[in-house]
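Everything on this sheet refers to the single structure shown next.
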Amino acid sequence: MQSAAFSLSSPSSFPSLKPRIFGSNLRFDPVRVSSSFSASKRHDLSASSNVVSVPSLPKRSWRLSSSSGLPLRAWNSVPSDSKAERFEVRATAAESAGEGEKAGNLMKTLELGLLFGLWYLFNIYFNIYNKQVLKVFHYPVTVTVIQFAVGTVLVALMWTFNLYKRPKITGVQLAAILPLALVHTLGNLFTNMSLGKVAVSFTHTIKAMEPFFSVVLSAMFLGELPTVWVVGSLVPIVGGVALASVTEASFNWAGFWSAMASNLTNQSRNVLSKKVMVKKEDAMDNITLFSIITVMSFILLAPAAIFMEGVKFTPSYLQSAGLNVKEVVVRSLIAALCFHAYQQVSYMILQRVSPVTHSVGNCVKRVVVIVSSVIFFKTPVSPINSLGTGIALAGVFLYSRVKRIKPKAKAA
């Protein structure tokens, strides 16, 4: 059918458009308008005097085109169901989902950054206030018991008010957790003994040797042989600690060996958690495990503190010793709260990141604690001592990076 240019004058010129022809099987040809219509008239057909108005017709999507075959869409009152519009809807939904995912990832990143900041902050305050108490109150066992006692109260409040789900503990689980609680108790006790004897910076420099004990104990009891890279990273750790110890102004053997014993017991706890662990179906999350260990540590150490040091943390004794009762009590409580808080946050971070990331964060935390304690207590540090500490901490960072390198499997 050839295209023809019609001069549209009135509705009567279309005899074929009569009401009697309405039928479901009829098909209307598109109306073609003269090519002399300008582009501006095509966009305003409804206002033109040449537009055919058939109000009695069923609602249809009319398609106007010129003799050149250029399609124009006019007065379309029927919703379109074209592929382009469906694609546009799907693309919009995908963009919305992508934006929601980005917002969720940003919130998780901010939350993780906040947890790391709290971890470091609580650790700094713990070391500062704890050192201030131990300088005037020379009873590290009693101080450690106070810290476990405050943690036990916090755990009880957390379970009582359903801030965290209270676990159902079986006898088998308690038997498995008991060794972990014992070494956890000793590790914190030895740390406080070291802090009472030497500077905070030196205690944490010695505690940088934890990877060395971790590798040795894992090889002895778990049969996990280290890679060449791991062994190589231990060299600067040991060498840096030795260099820092030789040049440490506050060095004494009691503080040194207490910190070394803390390394041994803390890493023994990590090895035992792998060696003596309950069945998977009875396993519990890290926060619950830490809460139970805290309560058990208090129960284990409280009788030992009374037997070894007696009941010393009383107002009458503190006054007789010439101490400011309010000052000592407040600082002890702040140290205890920070002690429990930083360990709790540490376990929360461990549930969100890999052990390697947590290890790197722990290395950075040790640097932050050492620097902050040196500044606060104005600890004299020689250039050689700083060099040794820096080498040791660099070795710890290197260890945390190469630990994930697995040894190649031997060919059969």
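Placed from the backbone N, Cα and C atoms, the Cβ positions cover glycine too.
The feature domain 'Sugar phosphate transporter' is assigned by TrEMBL to 111-400.
Using a Cβ-Cβ cut-off under 8 Å and counting only residues 6 or more beyond its ends in the same chain, the transmembrane segment (112-129) has close neighbours at 195, 200, 204, 331-332, 334-335, 338-339, 341-342, 345-346, 348-349, 352-353, 361, 364-365, 368-369, 372-373, 376-377. Residues or ranges marked as transmembrane segment in TrEMBL: 112-129 (among others).
Among the features that TrEMBL reports, transmembrane segment is placed at 136-159 (among others).
Look at TrEMBL and you will find 171-191 (among others) tagged as transmembrane segment.
Long-range contacts of the transmembrane segment (212-238) within the same chain, counting only residues at least 6 positions beyond its ends with a Cβ under 8 Å from a Cβ of the stretch, are 263-264, 266-268, 270-271, 274-275, 391-392, 394-396, 398-399, 402-403, 405-407. As annotated by TrEMBL, transmembrane segment applies to 212-238 (among others).
As annotated by TrEMBL, transmembrane segment applies to 287-308 (among others).
Sequence annotations record features per position, and here TrEMBL assigns transmembrane segment to 383-400 (among others).
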Find the member of 136-159, 287-308, 383-400 that has more C-beta pairs under 8 Å to the transmembrane segment (171-191) than any other listed stretch. 287-308
